Amino acid sequence: MHDSTEQTPGGKPDDGSAPTESARSAGSAFGSDGSGVPATGAFPVVQPSDLGGSDSEAPTSAFPAADFPTEQHRSIGQHGLPHLGAHDPAVTGTQPQVGVPPQYPGGPVAPVYQPPRYADAPRRHPGEIPLLILVILTTAVIYVGAILFAFVGTLNSYLLVVLVLPVILWFARGSMWATPRVQGIQMTPTQFPEGYQMVRDAAARYGLREVPDAFVVLGNGQINAFASGHGFRRFVVVYSDLFEVGGEARDPDALAYIIGHEVGHIAAGHVSYWRQIGSFAMSYLPVIGSALSRSQEYTADNYGYFNRPSGVPGGMGLLGAGKYLGKEVDFDQLADRATTDRGFFTWVVNLTASHPVLTWRAAALRNRTKAGSLFFAPGQTVRGVGGGAVVPSGPVPTFSSQEVLAPAPGQEQNTLPPAQGPIPPQPPEQTPPAPPAPPAS
């Protein structure tokens, strides 16, 4: 066995056979079998070759010798650190499994926190793809039947509509794309800049290559928004009642959640032309078609939650009580009613609805451990698991060529970055002395 050479910090190489102080201090940082596995990842200072001998030169220490309590280590034992006994993390010879914390002799490692299943990156509702496949197969059967009837000479108005459906859908999407462009106000850095930035943030979070166009149209008291597309264009339309006079959001978090929901429809592919052609049979399947629509809304809700979780309570209150009373809605009471307000007719209302009923939707947004209910009411009340304000949203990814929001008309461009720290106290305003009174005559 050859002597190893170690360069101590601030000293000369030690050619003797005795290990240096750094090596003695780091001796128990490796397994007792000389495997070289660090103990709890504390001190990656020397290789096991410095403990058992090797022909190769050991690397230098990653920490200065002054960082170790040398005298205390000497009083404990030869290797400088207390013996861990049964908790020494020796290699067990088993391969780690995904999702299972590693087990060491003497006890398990503390579990690593995992966020709730639907509180992390947006997930598609598990019922969406199976229902979509069923609807597409039904649409294919309708198309094949229409073509066969056309060949045998039996053609009526319904079959004619099926055959020319791609053209009809193309014109309908083109008209829907043109309407907000000529009847609405486009969100830009100078028009509704808050909403414009929310659309950009949502697109960046979802990894879209292009930012959808966004428009504000007259709402006439309706609280609504929708997403659609035409060709390669994708766009979002928000009704004006989601905004205050002057373009500022009435409830910024709620608006960000709703915009994130609509951009989520785009990110999930719900507005694709070919998908809409394949889903033609949705209107002819009253139960399956409405279930597919509800699953898509749950998927978009997952996107909206990922974009702005703190906007969920305000968004649900806004959809339930309107723009003036939405902030007074108790989100927990609304979600709790999903398990208390049950019955046959409640089930029928949800079964035939294109969107999940509001109480079920609120319950799904609060309980982020599982997907929303499509056919049956939630079985139990779950509070505090990924609720609207529990999991904060992460940082917004930036585009490669992200522009700075231009100032609104009449405002000056502020080129200086905002100062950090508390706001310094302002000196009191000096009141100018009153002019002397004129002399009495």
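If you go along the chain as it appears here, the first residue is 1 and each next one adds 1.
For all residues, glycine too, the Cβ spot is worked out from N, Cα and C.
Because the structure is a prediction, the values reported are computed rather than measured.
Annotated in TrEMBL:
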type	residues	note
COMPBIAS	22-36	compositional bias 'Low complexity'
COMPBIAS	419-441	compositional bias 'Pro residues'
DOMAIN	197-273	domain 'Peptidase M48'
DOMAIN	281-368	domain 'Peptidase M48'
REGION	1-98	region 'Disordered'
REGION	393-441	region 'Disordered'
TRANSMEM	131-152	transmembrane segment
TRANSMEM	158-178	transmembrane segment
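Within the chain carrying the transmembrane segment (131-152), a Cβ under 8 angstroms from the stretch's Cβ atoms is held by residues 159, 162-163, 275, 277-282, 284-285, 288-289, 291-292, 295, all 6 or more beyond its ends. Counting residues per DSSP class in helix, strand and coil order gives 73 helix, 0 strand, 15 coil for the domain 'Peptidase M48' (281-368).
Remote same-chain partners of the transmembrane segment (158-178), defined as residues 6 or more beyond its termini with a Cβ less than 8 Å from a stretch Cβ, comprise 142-143, 146-147, 149-150, 228-230, 233, 235, 273, 276-277, 280. In the domain 'Peptidase M48' (197-273), the DSSP tally of helix, strand and coil residues is 30 helix, 20 strand, 27 coil.
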